[in-house]
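Asks: According to TrEMBL, the record shows the following:
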BINDING   A:Lys7, A:Phe8, A:Gly9, A:Gly10, A:Thr174, A:Asp175, A:Tyr180, A:Arg185, A:Lys210, A:Val211  ATP binding site
BINDING   A:Thr47, A:Glu74  substrate binding site
DOMAIN    A:268-348  domain 'ACT'
DOMAIN    A:350-412  domain 'ACT'
Number of protein chains: 2
Amino acid sequence: MPLLVMKFGGTSVATLDRIRRAAKRVGVEVANGYDVIVIVSAMSGKTNELVGWVRETSPMFDAREYDAVVSSGEQVTAGLMALTLQEMDVPARSWQGWQVPVKTTSAHSAARIEDILTENINGKFAEGMRVAVVAGFQGVSPEGRTTTLGRGGSDTTAVAFAAAFGAERCDIYTDVDGVYTTDPRISSKARKLDKIAFEEMLELASLGAKVLQTRSVELAMRYKVKLRVLSSFDEQTDTSGTLVCDEEEIMESNVVSGVAYSRDEAKMTLISVADRPGIAAAIFGPLSEAGVNVDMIVQNISEEGRTDMTFSCPTEDVLRAENAMATAKAGGHINYHDLVADTDVAKVSVVGIGMRSHAGVAAKMFGALNSEGINIKVITTSEIKISVLIDRKYMELAVQALHDVFELHKSP
Amino acid sequence: MPLLVMKFGGTSVATLDRIRRAAKRVGVEVANGYDVIVIVSAMSGKTNELVGWVRETSPMFDAREYDAVVSSGEQVTAGLMALTLQEMDVPARSWQGWQVPVKTTSAHSAARIEDILTENINGKFAEGMRVAVVAGFQGVSPEGRTTTLGRGGSDTTAVAFAAAFGAERCDIYTDVDGVYTTDPRISSKARKLDKIAFEEMLELASLGAKVLQTRSVELAMRYKVKLRVLSSFDEQTDTSGTLVCDEEEIMESNVVSGVAYSRDEAKMTLISVADRPGIAAAIFGPLSEAGVNVDMIVQNISEEGRTDMTFSCPTEDVLRAENAMATAKAGGHINYHDLVADTDVAKVSVVGIGMRSHAGVAAKMFGALNSEGINIKVITTSEIKISVLIDRKYMELAVQALHDVFELHKSP
């Protein structure tokens, strides 16, 4: 029988009523002739409660115990969802990570899936089970302990199951009805995309469009899993939501598909660094070791053997970055005059696979920002993305201006 | 190293603060040189919440899913307790039923422990772990699914671990400070017992003294596990709580150790049953099949081939008993004139291993009840127990009178 993976996030299973609503959707697909693997998150708020207890008990907690505690949330939803389906006369049972098993690394609280054994679940499908309800976000380590994949990991579970079981599609039910050209809270002209390419989604996900977890998109791209993002609160039609797919499947698209932003960025500038071969490694090695997530890097033109080095990172990493640089300076590994942190910046990006074949996107972007009097502090580009760092107060304005200039409100 | 099992019930781990208090007690025993296996219940109220969700979702629930959901409560406490101990620098880790493993039957929601493999936990003790925190009340079925032992099952888990690991003692921490001669809410003269024999505790437990689960006492008796019941809210001393032990270890005891009662009893009388050989089996077979928990049985003297048959059962079984009898009558298996249910009765019992060697206990008991004008409806006796059924309104009075006449307020 053809197989679907359906994933329901925390808000979609927040109450027994919502679980029932989700189960009804699963029932429709079963009636359509599909076997279904349902991946569930914890009831919304539950994971935060459990994490809160762990942190209060032990600020520097043992991640193995954290996983033992936190994984219980998905376990509860999985059981309740299986019971709900049974009440609808759909043969279903729940599975925890260790029962499937979902084999992961031992990196507790941030484990990676290494293998999903399909034998147990396929055996039950062969016996007549129509729905396997799997607790998302969890697996089992080589040592036989429960692991979790990190926050948002249920998306990754869903895509990994779709890949392992060769599912026809992986439907991600969430509280938004798809992927938009930009955040509708910032631009009222934001338009839902019917389709988006994996590469674009990946850029959007990592740029702060919180619809899908980055790792799940990477995985879907690698294994060519068709992903659909749709709302569990809407009536569904065949064109509901947004299909994330291979770019070959997208016939028509705008040059730019979306405008993303990230508010929590900081711009760090090392002033008057003694320039020499290997200086970049001497700076960014210690930052990486300190866990600083460096994003953009710009090196100014060197004069008289000294240069300014600018990089961006999440606001929460600023303190760690300052400490790492101070330590490296004290150790004589680097030499700089000053380190200036500007935490009043935001990142705005335009993303689109169409950029590959269209020149002039950057010029158009910079022109639009200039018309609004917005000063660009740092620029980085990739094949399908241009990002700029600007003053945070201009962020909304920049997003709106770029959405307009690339005419994203119009369908391609 | 010598080993202790310490079990903390739901009220003893109801909040993070109480978990900390419980962990401190564990720390004391570790400092005393013990390795410790801690058995935890779910935080108080949690199991009821989970059971409520299951029942609301599916009134005739699949017990396998019930177990998957409900077992999560103990899992959370186990993780939090392990983290708390680690914060106190006590090497500890949590274990779920499937990880130990605790092998049980497949009778979901009422499973029985078949085997506890000691290898994994003992291996960790050998590596320096001092405390294994085990989620109580749960195990794993031969099919690899999580099972639960039924309500109160954490006591049974604790005793089974003490037996499997050869623990020096099994300490049950609860919200009362021991086993009393009777319910202190009914008699202000109730006295805490320092020691009580397994057989006595078993009679008291099954008679409604809710301190310990009956199965756990049976198990302790069979495997000679010394049990101590004590309060997690008191300062502990060497003589704290009540030791439940072999009767050989009790040097001095009163003839009667305690007075127990049970409020929810019903007296059922089959009037004018056609008497013939095998009539008892024809009555009590169907009752047993209908799940009626028959306790006392009295058959009146037969006259002219007809007899009255009286039995007692829990109030909640009355309807089932009536249906079972009506069906048996309709099927021609038994013949009776009427079935009269008296649901306004209570059972009061005196229990004591001293009865074996002392005559006159029954006479003294009946005399005391008679002096108070209390009519006895049914009597049953065992080697160490005499139970009577009386009008419910006299229950408190009977308990107080019996406590007085056997001088239970005095130490032996």
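Cβ coordinates come from backbone N, Cα and C, glycine included.
Predicted automatically and left uncurated, TrEMBL annotations should be read as such.
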Asks: Of A:Thr47, A:Thr174, which of the binding-site residues has the most Cβ neighbours inside 10 Å?
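Replies: The residue with the densest Cβ neighbourhood is A:Thr174.
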Asks: Across the domain 'ACT' (A:350-412), what are the DSSP residue counts per state (helix, strand, coil)?
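Replies: Once the DSSP states are binned, the domain 'ACT' (A:350-412) shows 30 helix, 14 strand, 19 coil.
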Asks: Would you kindly give the Cα-Cα distance separating A:Glu74 (substrate binding site) and A:Lys210 (ATP binding site), rounded to the nearest Å?
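Replies: Distance (Cα to Cα, whole Å): 20 Å.
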Asks: Can you grab the distance from A:Gly9 (ATP binding site) over to A:Glu74 (substrate binding site)? Cα atoms, rounded to a whole Å.
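Replies: Cα to Cα, A:Gly9 (ATP binding site) and A:Glu74 (substrate binding site) are separated by 10 Å.
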Asks: Fewest other Cβ atoms within 10 Å: which of the binding-site residues A:Lys7, A:Lys210 wins that one? Let me know.
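Replies: Lowest Cβ count within 10 Å among the binding-site residues (A:Lys7, A:Lys210) is A:Lys210.
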Asks: What whole-number Å value do you get for the CA-CA distance of A:Lys7 (ATP binding site) and A:Thr47 (substrate binding site)?
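Replies: The Cα atom of A:Lys7 (ATP binding site) is 17 Å away from the Cα atom of A:Thr47 (substrate binding site).
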Asks: Given A:Tyr180 (ATP binding site) and A:Thr47 (substrate binding site), what distance in Å do their CA atoms have, once rounded to a whole number?
Replies: 27
Asks: Under DSSP, is A:Lys7 (ATP binding site) helix, strand or coil?
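Replies: SS state of A:Lys7 (ATP binding site) = strand.
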Asks: What whole-number Å value do you get for the CA-CA distance of A:Glu74 (substrate binding site) and A:Thr174 (ATP binding site)?
Replies: 16
Asks: Work out the three-state DSSP category of A:Thr47 (substrate binding site).
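Replies: SS state of A:Thr47 (substrate binding site) = helix.
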